[in-house]
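Undergrad: Let me give you the structure first, and then I'll get to my questions.
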């Protein structure tokens, strides 16, 4: 079980990024260079998304519209409600940007690779999982920042027009370029899957490193008391219970076969660092983005740790 979790190299990269930021944070004159590197990394991440996502897969996947619509609604509806509720409950009990981080977490899409991998281990509907992940991640380029801006404004966080221009420039445009050059670039990407996969993971880890460096320089380990970290931990557990439990129960209430319930479980309850880290880097300066991403990093690691035994148990059906 734990071997399955620890075999995920991305977890080690994210942990290494946080550790490196703690021991050797980016500061001073290096911040400008690091931010430029993150901008290039974000462009690369979404260029790859555009190259990898085949349009006909998304169209074909919507034949099972009930499952796809339920996953979409759970990711951007139920999870958003859970994240918003926790951010309100934690307000005045933890640092403001950490509380807002739960709202931010709720606005993000599900994972792609992890959701499909655990669905496969659980013997669920892998094809539907891949299509659902592709659909919500494509939609998240616009939907996640819009939802976050709408709900964050109620607690005084304003997302400026300049931020949306950055989103178009750094997320949407590279994705469109990837779609345009897909015919020629996708065969090369598939032939070099290991190389591009590592480049993708390293780019995401760089965004996490720079963001968390800002939080370390701002005093995250000194300014955030241990009892606040404990509250965050309790909130993460509550979110896991509501997300995974809610997804499984909803699938049963809607009469889905067990294969589709497994797809909804892993495709609806997980959250993507691959979108969350770059988007945070665009919306906020590093010292703010680092605090915002604390719930995301905690939840991502915890959800993968929970998914491993769940997938093994469900595979016995």
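Even glycines carry a Cβ here, placed using N, Cα and C.
Caution: TrEMBL annotation is automatic and unverified by curators.
So TrEMBL lists these for the protein:
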type: TRANSMEM; residues: 33-51; note: transmembrane segment
type: TRANSMEM; residues: 71-90; note: transmembrane segment
type: TRANSMEM; residues: 96-118; note: transmembrane segment
type: TRANSMEM; residues: 130-151; note: transmembrane segment
type: TRANSMEM; residues: 157-181; note: transmembrane segment
type: TRANSMEM; residues: 202-223; note: transmembrane segment
type: TRANSMEM; residues: 229-251; note: transmembrane segment
type: TRANSMEM; residues: 263-284; note: transmembrane segment
type: TRANSMEM; residues: 296-315; note: transmembrane segment
Undergrad: Six or more residues beyond either end and a Cβ under 8 Å away: which residues meet both conditions relative to the transmembrane segment (263-284)?
TA: 14, 35, 38, 41-42, 45-46, 67, 70-71, 74-75, 78-79, 104-105, 108-112, 114-115, 118-119, 122, 124-126, 128-129, 132-133, 136-137, 140, 144-145, 148, 159, 163, 166-167, 170-171, 200, 204, 207-208, 210-211, 240, 243-244, 246-248, 250-251, 256, 292-293, 296-297, 299-300, 303-304, 307, 310-311, 314
Undergrad: Using a cut-off of under 8 Å between C-beta atoms, tell me which stretch among 33-51, 96-118, 202-223, 296-315 contacts the transmembrane segment (229-251) the most.
TA: 296-315
Undergrad: How about long-range neighbours of the transmembrane segment (130-151): same chain, 6 or more residues beyond its ends, C-beta under 8 Å?
TA: 46, 49, 53, 57-58, 60-62, 67-68, 71-72, 75-76, 80, 84, 103-104, 107-112, 115-116, 158-159, 163-164, 167, 171-172, 175, 263, 267, 272, 274-275, 279, 283
Undergrad: Near the transmembrane segment (202-223), which residues from the same chain, at least 6 beyond its ends, have a CB less than 8 A from one of its CBs?
TA: 10, 13-14, 16-18, 20-22, 25-27, 31, 34-35, 37-38, 41-42, 44-45, 95, 273-274, 277-278, 280-281, 285-294, 297
Undergrad: Are there residues at least six beyond either end of the transmembrane segment (296-315) with Cβ under 8 Å to its Cβ atoms? List them, or say none.
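TA: Non-local partners: 1-2, 4-5, 8, 11, 14-15, 18, 101, 104-105, 108, 111, 114, 118-119, 121-124, 208, 232-233, 236-237, 239-240, 243-244, 258, 262, 265-266, 269-273, 276-277, 280.
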